[in-house]
Structures are given as C-alpha cells and as structure tokens.
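These come from TrEMBL:
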REGION    1-21  region 'Disordered'
BINDING   38, 39, 40, 41, 42, 43, 168, 213  ATP binding site
REGION    58-88  region 'NMPbind'
BINDING   64, 86, 87, 88, 130, 131, 132, 133, 137, 174, 185  ribonucleoside 5'-phosphate binding site
REGION    167-177  region 'LID'
Ligand code: UDP
Ligand code: MG
C-alpha cells in the first residue's frame, strides 16, 4: 500500500480498534452520502453538520487537498484521474479518509480531556460524502475502517445534474466541471458507482432521497431518513 502523508498523518491503530477494523462501530457512526455528480451531496452535508455536528468528510475534497499538498507523491496521478472522471486507486482515498477520521477522533478525545469529562464519549458521527464509488473501495472500507450504518442515496435526473454542474463550473474552479469531464463522470457513476448502491441496497442500508427538489425539501427528507439512527 502506498504511504499517504498529510497534515493529518497516519498514526498507529487506535487502541480501541478491533483486530479487523480501524474503528469500533460503537465509537463511530458512519453514514455514506452517495449520488451522481451534482446531486447535492456537499450542500446537504454542510446543512447536516450545522444541525447535528457531524464530521463531514468529502472524498473528492480530500483528494483535491492531497493533490495540492506540496511534496505529495500522488498529486499528478490524482489530477489525471479527477479530470478523466476516473476513480483514484482506493489505497490513497481510504488512507486519506482514515487519517481524517482519526484526526477527528483525537480532537474529540482532547476536548473531553480538557473538560475533564468522566462520562463516556458519545459515538463520533461521520458523513462520508462521495465515497465509496467503486466496489473494491466499499468492501475494503467496510472491512478495514468501519462499516456504515446507513447510505443516503441522492437521486436526480442526469439532465438536472448537468445543468447544475455547468452552472457550478462558472465559479467552482474545478478542473472537472466542464462538459467533457462531466460526461465521463456520469459514465463512471452509472457503470462503476451504481453497483455500490445496489450492494448496500441488498444489505437494507439505502435510503433513497429525491434530490431534484429544493434544498430545504431535500434536507427535510434526509432528516426523516436518518431519524432511526439518530435516536
Ligand atoms: N474521486 C475518486 N474516488 C473517490 C471520490 C472521488 O477518485 O472515492 C475522484 C473522482 O475522479 C471524482 C472526483 O474525485 O470524479 C470528484 O469527486 P467529488 O466527490 O468531489 O465530485 P462530486 O460527486 O461531489 O461532484
Ligand atoms: Mg462533492
């Protein structure tokens, strides 16, 4: 596995970790947020963070940060994959996510210590946005990092997605918000990422959300969808 270093550098496995996965599902709650490019994953995650204090980790954002990190051995590779709408080899993405999760966990442990809290630390809730989008990533993450409790699947017609992405492209500065890259991303979504949604659907974890509605309506539907695991 290639070594990924970042400001949130890898540390040895947590003492709380089970032998098979990095995080104990009792200590962390993971929700995957999936959906085509432009489905509104980032927008909705930001709203959930505000309301519920989730830790939001966008795989795409982590990859872009690693791409721009000085000295990264993966920068050029990530750049090419993103422009082509392809999935970066999973070792890189999973390590970035794991590092970010660990950083969030240790900052929480630090806060608890400072407050000299004696009560048990509540499970840290993570929204993992735009991941997993290929079967190998899904299997590897579930087995080596932590299985998810729920998958929010934001469903939206491609025509709407295209319009949103072209609009976003006017200001996003993203190298993949152009018609050519968008077409490739749609293809990857249908061919490579949909099987992941089907896989979790078989496990009964998927909540479908119609994300062609207004931002407020979508948030309301998501709230209903996550209610069972927020209790
Ligand atoms: N990407 C990847 N692996 C992932 C998530 C993202 O390789 O697990 C890459 C992929 O090239 C994708 C790009 O990052 O097209 C942008 O992903 P992002 O989630 O930012 O796009 P969105 O779906 O939010 O429009
Ligand atoms: Mg996004």
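The backbone N, Cα and C atoms fix where each Cβ goes, glycine too.
Here the features listed in TrEMBL are placed on the structure.
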residue	record	Cβ contacts under 8 Å, 6 or more apart
38	ATP binding site	156, 160, 161, 162, 164, 165, 168, 182
39	ATP binding site	154, 155, 156, 161, 211
40	ATP binding site	154, 156, 164, 211, 215, 218
41	ATP binding site	33, 34, 35, 58, 129, 130, 154
42	ATP binding site	58, 61, 129
43	ATP binding site	215
64	ribonucleoside 5'-phosphate binding site	78, 82
87	ribonucleoside 5'-phosphate binding site	81, 133, 134, 137, 188, 192
132	ribonucleoside 5'-phosphate binding site	32, 138, 141, 196
185	ribonucleoside 5'-phosphate binding site	36, 37, 85, 176
Completion exercise
Near ligand 1 by the Cβ criterion (under 6 Å), the binding-site residues from 43, 64, 87, 130, 168, 185 are 87, 130, 185
Handout entry: binding-site residues near ligand 2 among 132, 168, 185 (Cβ under 6 Å)
Key = none
Completion exercise
In the same chain, residues at least 6 away from the ends of the region 'LID' (167-177) whose Cβ sits under 8 Å of its Cβ atoms read 37-38, 79, 82-83, 85, 185
Completion exercise
Expressed in angstrom and rounded to a whole number, the ATP site built from 38, 39, 40, 41, 42, 43, 168, 213 spans a maximum Cα-Cα distance of 17
